[in-house]
Amino acid sequence: MTSPITSAISSSTVTRHDVVQSGKPVAPLKHVLTLPGITTVAALVGAVLLWEGAAWLLSIPTYLLPAPSAILGSFSSIGFERWAGHIAATLRVALIGYAMSIAIAIPLAVFMMRSPFLSRTLYPLLVVVQSTPVVAIAPIIIVVLGAGDAPRIVIASLITFFPIVVSTATGLAATPPELIELSRSLRATGLREITQIRLPFAVPYIFSALKISITLAVIGAVVAEFCASEAGVGYFIQLSTSLFKLPQAWAGLLGARRNVAPAVSGRRFDTEAPLSLERAEKRLNPPRSRSSRAPPGHCSSTAGSPALTQENGMNIQTDTLAELAKEAIIGGVGTTVDREIPVIDLADFDNRKHEIADALWQASVEIGFFQVYNHGIDQDDIDAAFDTAWTFFELPTEVKAKTPMPKGINAGWEFKAQVRPSTGTPDNKESFQITRPDMIRLNLWPSEDDLPTFRDKMLRFERQNWELGMRILSCFALTMGFTEDFFTKAHDPSSDQYQSTLRLIHYMSMEGAKPEDFTSWRAGAHSDFDCLTILHQKEGEGGLQVCPGKDAALHEWTDVPPRKGYITCNIGDMLMRWSDDQLQSTLHRVRMPREDEYMGRRLSLPFFCQANRDAIMQGPLGKYEAITAGEYLTRRINANFAKK
Ligand SMILES: O=C(O)CCC(=O)C(=O)O
Ligand SMILES: [Fe+2]
């Protein structure tokens, strides 16, 4: 096995460049040569030396090709103020034209996407304008608009306009249709569909066009200055050539390359300027370790291999599971409202089964969350399970890292590795997951030396939760018209296909944390993958919030405070599918503590009743295509955990 620490902690500071297979450091020279820009600078210096040598050896006349040293000489003879004046003039024209173009092109693309009529009418006109060489129409525009900056700004704007309109329209139209359907089913307004779904999805397309257009804007400005101007780099080059001052013309050309282009694009070699396009793109569209972005025009995903992208705090996924689409559009903070969470008494279960089944059904159809009491698990057993869980989290990192969670598997230890599709940031937590067959198959139990009796205690608690889960699920089976043991058979614990999971979660203490740490989530908004979740929490360690389906578009969240003696339960996506969407798998999340709340560590122990791998899930109405619980779960896990 590779070092457990490096394989378990995905955000390790050790990079592949630093270590080769043998573990020895990479040779320093090789390291230097791989530094970005070094080889480019070396090639540039070589080319300049060759040019200089050729100019002297072959005695090339200065008016044909001046030597680099002659160009350098004219640079210094021109004077800084003159340079700065010409560069500023070109910059001003290029940037105003570029900004004007963006201000018109993006709204126009939105209108064209909304109106096929407008699109059919305007698109051919745009193609005609684009295919007319700007050099050809520049003199006409100058005649029409007269002297001053106006004609030059229009020319810079015209040349940049087409790529921005076309790319933006393409990005807006490429939004996955299931996301649009989902937003409409959540009654999102047209404006919200554009601003929160289509535009964020189009961000990479728009930025590709902006990057191309920024250099086009400089070309447009310089071309316009060739035709009519009294300042600017184009004017300076034109003037220098007409006076046969070729080294000066070359200096003007290199000055434009060296100063104008990087200034407008915000890039100087590999260093980012504070206002660069790339920085802006990263802000709107932060790359993440596990996201795989398709370049504009390429759709990268196939069913079963989810690809995630994040746009403006909202994740867009290309896996076709509708549940992922639901999670993807609910990353924001939203507001908090009070709602009643149903409370159900499970006492005298066998005699009251039908009454309990009705109460469970009603709660699950309406909100998908409920709390049960008289549930049959002793409070002492629950308290003991929390204590045992803490003995695991207290272990030194290197001991926990002996049992790391393998890729695509719901078992073992992970540290801040779960990135929710809703937020795109890792949950602020660590967890240890117990999925019985995987623990043996992949040797994921902590050893008895490291943690005596842990395994036995956790297995006992796992079994108690399974029993409670099956009791509740048998009520749903009754109401759905299945045999009472339908779900118990689908969660058969004696099968090697068993994949129900007991999860021990430790949310880090926020005592003394910086204000910015409170902007992340302990657990980002999600719906559970399973049939039913049985969630043990400790009184005083709140933070769980739910956002029921019909109100999801309003982003209204409700706190569900833990109460001693009550276990919070919720329907998961497997059961929602299996019931043809009659039962609600509700979005929920764990927020950071508020100022007046307990700031210490938070523990929770959810048990996820996940149907066995070989169970085929399909509801009586066949609303969803049949899928095995094994495939379903793998796809959901892969959409949540970093690829290793
Ligand atoms: O810790 C909690 O209260 C909720 C955890 C949760 O929702 C989950 O792990 O799916
Ligand atoms: Fe959950």
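Heads up, the Cβ atoms here are built off N, Cα and C, so glycines get one too.
Residues or ranges marked as compositional bias 'Low complexity' in TrEMBL: 286-296.
For 299-312, the entry in TrEMBL reads compositional bias 'Polar residues'.
Residues or ranges marked as domain 'ABC transmembrane type-1' by TrEMBL: 87-265.
Residues or ranges marked as domain 'Fe2OG dioxygenase' by TrEMBL: 497-611. For the domain 'Fe2OG dioxygenase' (497-611), residue counts in helix, strand and coil come to 17 helix, 42 strand, 56 coil, using DSSP.
According to TrEMBL, the region 'Disordered' annotation covers 276-312.
For 32-51 (among others), the entry in TrEMBL reads transmembrane segment.
TrEMBL lists 63-80 (among others) with the feature transmembrane segment.
Residues or ranges marked as transmembrane segment by TrEMBL: 86-110 (among others).
Summarising the annotation, TrEMBL assigns transmembrane segment to 122-147 (among others).
As annotated by TrEMBL, transmembrane segment applies to 153-176 (among others). Sequence-remote contacts of a segment are chain residues at least 6 beyond its ends whose Cβ falls under 8 Å from one of its Cβ atoms, and for the transmembrane segment (153-176) they are 93-94, 96-98, 100-102, 104-106, 108-110, 112-113, 119, 126-127, 129-130, 134, 137-138, 141, 145, 194, 197-199, 201-206, 208-210, 212-214, 216-221, 223-224, 296-297, 299, 316-318, 325.
Non-local neighbours of the transmembrane segment (86-110) in the same chain are 122, 149, 152-161, 164-166, 168-169, 172, 194, 199, 206, 210, 213-214, 217-218, 220-222, 224-225, 229, 231-236, 252, 255-256, 259-260, 263-264; each lies 6+ residues outside the stretch with a CB under 8 Å from one of its CB atoms.
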